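The following feature annotations were taken from TrEMBL:
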COMPBIAS  31-43  compositional bias 'Low complexity'
COMPBIAS  44-57  compositional bias 'Polar residues'
DOMAIN    80-511  domain 'Major facilitator superfamily (MFS) profile'
REGION    24-58  region 'Disordered'
TRANSMEM  78-102  transmembrane segment
TRANSMEM  114-137  transmembrane segment
TRANSMEM  144-163  transmembrane segment
TRANSMEM  169-190  transmembrane segment
TRANSMEM  202-227  transmembrane segment
TRANSMEM  233-252  transmembrane segment
TRANSMEM  312-331  transmembrane segment
TRANSMEM  374-395  transmembrane segment
TRANSMEM  402-431  transmembrane segment
TRANSMEM  485-508  transmembrane segment
């Protein structure tokens, strides 16, 4: 090869080497930011998971579930139980008011059976529409805001109901009350998220005591106020507990589980520290760390493969729970008001029938004996609470629901049996106990089975389906009852049997299980 050729090859080789060095330098410049980013991610991972990165020696972490369990049960939970339980008093008074006021508005506005039933239906319609909306808002913006707003809303429209000039205004205003009550029902979620797992099966069924107190208060108001001042003043007096509760609710904090899922870790820590201080306990060592849930309140989660069967069966369970509960309440008041009982020791007053031969008798108010029967039946809601707690702890949530549903089906049919007035009161007492206990278990199971990201929305959907049952129940219990007592009570018994089969197919048992944060 000539000297010129060798020189040319050397020049090309040097140029190639220099070009390669330039390319390597450019690659290093591109890779440096990527390496820095990877280092930052690794550093972030170490901070978020110190136990994995450093063997747990430098820094410890804990979850909300661990904090709640560490704090345990104490003074805060007593305060929570009393104040949030009082929300059940308000809800019970608003719902039971329908049974007590029905004879009065029938008489004042000369209402047909279907018009009286429509009042209850409109209340539950408002509940159904607002139930899903309130659940979505509670998962997006917090449980506390929704529950507090529900108290104010329900109290305001309930007070306006007492000034209703006509039947049309009355049903509209009561439907608005139903919307407010739907918001207050989110209080059950707020309460559940603060209670340690081992105490839930014991404390949550005790909420029936407050529901019973609300029912007793409205019946006592009916006994004392309606005969003297009228039904309008009874409604005005019934608003007083709501006003008191609005003030007391300021002592309840936002759910720490929601705060963490929304990224407000500092707020969650402050809430947990306050609770721990009240209880004389301390938080676990380390920092509170939970993943931020970006997608909260997504309804698609409820019908995802993980929860599809659970959601569908729960929606029917809630429908039946409401259908049978309000069916038992309205059936008992209807049987007493219209004197449709088959009793062997009936007094003269029970000879007055709602449907007389010549015309419809609009004005048959409750007498003192009728109010007493309603009072005794309300006591049935708490009489078997020890049995309810025992079932939850021993056999679990699913089997408890199956047992209670089958027993409810039997007692609905036993109401048809001719007996003494005392015998009817006992049957009604036991029936109210069973349907109330079933409602308790359904509430507890629902709050436990869904994760924090959709717990309120899941509860909202379930309560909305339950109100469909509440909307149908008046037309069975208050309209069909006049035609045939057996025909009116059979749908309730059949619904219980079908629901027991559906409950057996639920895929998850929640007894002793920690509340989930994510799907």
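A Cβ is built for glycine as well, from the same backbone N, Cα and C atoms used for every other residue.
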Going along the chain, which residues at least six beyond the ends of the transmembrane segment (114-137) come within the CB cut-off of under 8 Å?
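Distal contacts: 94-95, 98, 102, 105-106, 145-146, 150, 167, 170-172, 174-183, 185-186, 297, 299, 322, 326, 330, 456-461, 463-465, 467-468, 470-475, 477-479.
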Please compute the mean pLDDT of the model over the domain 'Major facilitator superfamily (MFS) profile' (80-511).
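PLDDT averaged over the stretch: 82.
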For the transmembrane segment (169-190) and the transmembrane segment (312-331), check the count of CB pairs under 8 Å (sequence separation 6 or more) and say whether it reaches 3 or more.
no
Test the contact criterion for the transmembrane segment (312-331) and the transmembrane segment (144-163): 3 or more CB pairs under 8 Å, pairs 6 or more apart in sequence, then answer yes or no.
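Between the transmembrane segment (144-163) and the transmembrane segment (312-331), which are separate recorded stretches, there is no contact, as judged by 3 or more close Cβ pairs.
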Using Cβ atoms only, state whether the transmembrane segment (233-252) and the transmembrane segment (202-227) have three or more pairs under 8 Å that are 6 or more apart in sequence.
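The transmembrane segment (202-227) and the transmembrane segment (233-252): touching, yes.
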Could you tell me what the rest of the chain brings near the transmembrane segment (202-227), counting residues at least six beyond its ends with Cβ under 8 Å?
77, 81, 84-93, 96-97, 100-101, 104, 188, 191-192, 195, 233-234, 237-238, 241, 365-366, 368, 371, 374-375, 378-379, 381-382, 385, 388-389, 392-393, 436-437, 440-441, 443-444, 447
Please indicate, using numbers and ranges, the residues of the same chain that are 6 or more beyond the transmembrane segment (374-395) and have a C-beta under 8 Å from a C-beta there.
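For the transmembrane segment (374-395), the list is 99-100, 201-202, 205-206, 208-209, 211-212, 215-216, 219-220, 332-333, 336, 366, 403-404, 425, 428-434, 436-437, 440-441, 444, 511.
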